[in-house]
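Trainee: Pulled these features from TrEMBL for this protein:
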ACT_SITE  H12  active site, tele-phosphohistidine intermediate
ACT_SITE  E90  active site, proton donor/acceptor
BINDING   11-18, R63, 90-93, 117-118, 190-191  substrate binding site
SITE      H189  site 'Transition state stabilizer'
Amino acid sequence: MMSKHKLFLLRHGEGAWNRENRFCSWVDQKLSENGVIEAQQCGQLLQDRGYKFDHVFTSILSRSIQTAWLVLQAMDQEWVPITKSWRLNERHYGALIGLNRAEMALNHGEEQVKLWRRSYDITPPPIDESHPYFAEIYNDRRYNTCDVPIEELPKTESLKEVLDRLLPYWNNVIVPEIKSGRTVLISAHGNSCRALLKHLEGISDTDIVNVTLPTGIPVLLELDENLKPVKPRELLGDQAKIQTAIKNVENQGKVNLGNKS
Ligand SMILES: O=C(O)[C@@H](COP(=O)(O)O)OP(=O)(O)O
């Protein structure tokens, strides 16, 4: 089967709370110093391989936007249009936002933390007004710019619910771009990229549990004219380093390994 389109998915570079092992989700943390370097190195790798983007899509969270800027800068492609949507935001982790994964594993067990993080249709408890980050999120004026009223924005999400809110944007906005021959980079988040991968690759509800994306590593998908993958996804870069980075993300939910970086 011939590849007709290349699509690049990217989980942003490391953010401050990735480093502190806290669920970040809709809290607008910036990239850490290491995250800036990861994004720059990602851009350099894409530049070295000669890729050219026509359109970049990001969430409305700073870490995905900063990553897109740094990648385009490293590629001398700063002029490429960037379009932002809340529909590419990270999964809303509800009441778990701000909590430390290793501490959660200690209190609730590693299995429960894995279910919250990686299962397809388990929804964490919702955020409510008593939560320390509720006001910061819902008073942020960026959420008045969305295509749904602020009261209808999620208060928690399973991966399935991420896919439900992401798919209309994928189908109506991103797909036409790709089908018209443009090369697209989606600079987003671990779980918004996982949701899209599940859709594109037809990953089952049980197998998606085993898909983890490290920060700052571009994922190349080669698609046919119907946007079906013609070969397995490729995580670009040093494969040994990528496997270690995936393990480290998985270990964030372990009692003893979670707070080691
Ligand atoms: O919300 C967060 O903390 C992480 C994902 O956490 P896990 O699902 O890996 O626990 O999202 P990202 O760093 O990609 O924006």
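Cβ coordinates come from backbone N, Cα and C, glycine included.
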Trainee: Give me the non-local Cβ neighbours of the residue listed as 'active site, tele-phosphohistidine intermediate': same chain, 6+ apart in sequence, Cβ-Cβ under 8 Å, ordered along the sequence.
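Mentor: Expected: L31, G35, A39, R63, S64, Q66, T67, S187, A188, H189, T215, G216.
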Trainee: Pick out which of the binding-site residues W17, Y93 has the most other Cβ atoms within 10 Å of its own Cβ.
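Mentor: Checking each of W17, Y93, the winner is Y93.
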Trainee: How big is the gap, in Å, between the Cα of G190 (substrate binding site) and that of E90 (active site, proton donor/acceptor), rounded to a whole number?
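Mentor: With distance taken Cα to Cα, E90 (active site, proton donor/acceptor) is 7 Å from G190 (substrate binding site).
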Trainee: Across all chains shown, how many C-beta atoms besides its own are within 10 angstroms of the C-beta of the residue listed as 'active site, proton donor/acceptor'?
Mentor: 25
Trainee: E14 (substrate binding site) has how many other Cβ neighbours within 10 Å of its own Cβ?
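Mentor: A 10 Å sphere around the Cβ of E14 (substrate binding site) contains 25 other Cβ atoms.
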Trainee: Using a Cβ cut-off under 8 Å and a sequence separation of 6 or more, which residues in the same chain sit near R11 (substrate binding site)?
Mentor: A188, H189, G190, C193, L213, P214, T215, G216, I217
Trainee: How many other Cβ atoms sit within 10 Å of the Cβ of G190 (substrate binding site)?
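Mentor: Within a 10 Å radius of the Cβ of G190 (substrate binding site) lie 21 other Cβ atoms.
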